[in-house]
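Just below is one structure, and these are the notes that go with it.
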Amino acid sequence: MSDFRQDFIRFAVEEQVLRFGEFVTKAGRPSPYFFNAGLFNHGASLLSLARFYARSISESGIAFDMLFGPAYKGIVLAGATAMMLAEQGRDVPFAFNRKEAKDHGEGGTLIGAPLKGRVLIIDDVISAGTSVRESVEIIRANGAEPAGVAIALDRMERGQGELSATQEVAQKFGLPVVAIASLDDLLGFLAGSPDLADNLTRVEAYRTQYGVR
């Protein structure tokens, strides 16, 4: 396991963004863990999160010209990651959308830099793929081209069919998807964490029932 991926899982656990217990997923599945990126809700944690995104994106090798963050969680993620990339020597523009169009002031549904060139979509997770689909439509409608999708955690579980939600997005839109960490990284972290080892069996069982390889 890459050190920064393990560091991300540890960071998410420490921030209580990644929790263990009894939860129900958006798909209605009982899950032994829950990841809520909305709990990265103070300056220091957002700074660290942006650093992880920037490294994951840089190591992916995806060619892109700007970032796009779909409302609502993607808004903060795009801005924070753009700041971190700039600090590391790569200054890229970013944009995001509103859920509702504004009919005064600057108007419209888009805020930020004009969508141009190859646009990397940045979000927290991929569930049903709705956010990605809407983002792709917005980007193409503005004459730009989606370059890929960057997310925090790939749960690696089946979506509508035998593919994971991430795999479905990659197949449907022909876009690379890069995650800071995946379920494999989570399992590796649990295996090396004696204080959390009692969760390993339950997460492995969940992977066996709902996961993809």
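Here the Cβ of each residue, glycine as well, is placed from N, Cα and C on the backbone.
Keep in mind it's a predicted model, so treat the numbers as computed, not measured.
Summarising the environment of Ala128 (5-phospho-alpha-D-ribose 1-diphosphate binding site), the number of other Cβ atoms within 10 Å of its Cβ, over all protein chains shown, is 14. The annotation 5-phospho-alpha-D-ribose 1-diphosphate binding site is assigned in Swiss-Prot to Lys26, 72-73, 98-99, Lys102, His104, 123-131 on the grounds of sequence analysis.
Taking all protein chains in view, 15 other C-beta atoms sit within 10 angstroms of the C-beta of Ser127 (orotate binding site). Per Swiss-Prot, orotate binding site is recorded for Phe34, Phe35, Ser127, Arg155.
Neighbouring residues of the recorded orotate site, listed in sequence order and excluding Phe34, Phe35, Ser127, Arg155, comprise Thr25, Lys26, Ser31, Tyr33, Asn36, Val125, Leu153 (Cβ within 8 Å of the Cβ centroid). Among the binding-site residues listed (Lys73, Lys99, Asp124, Ile126, Ala128), Asp124 has its Cα nearest to the Cα of Phe35 (orotate binding site). If you measure from the Cα atom of Lys26 (5-phospho-alpha-D-ribose 1-diphosphate binding site) to that of Ser127 (orotate binding site), you get 8 Å.
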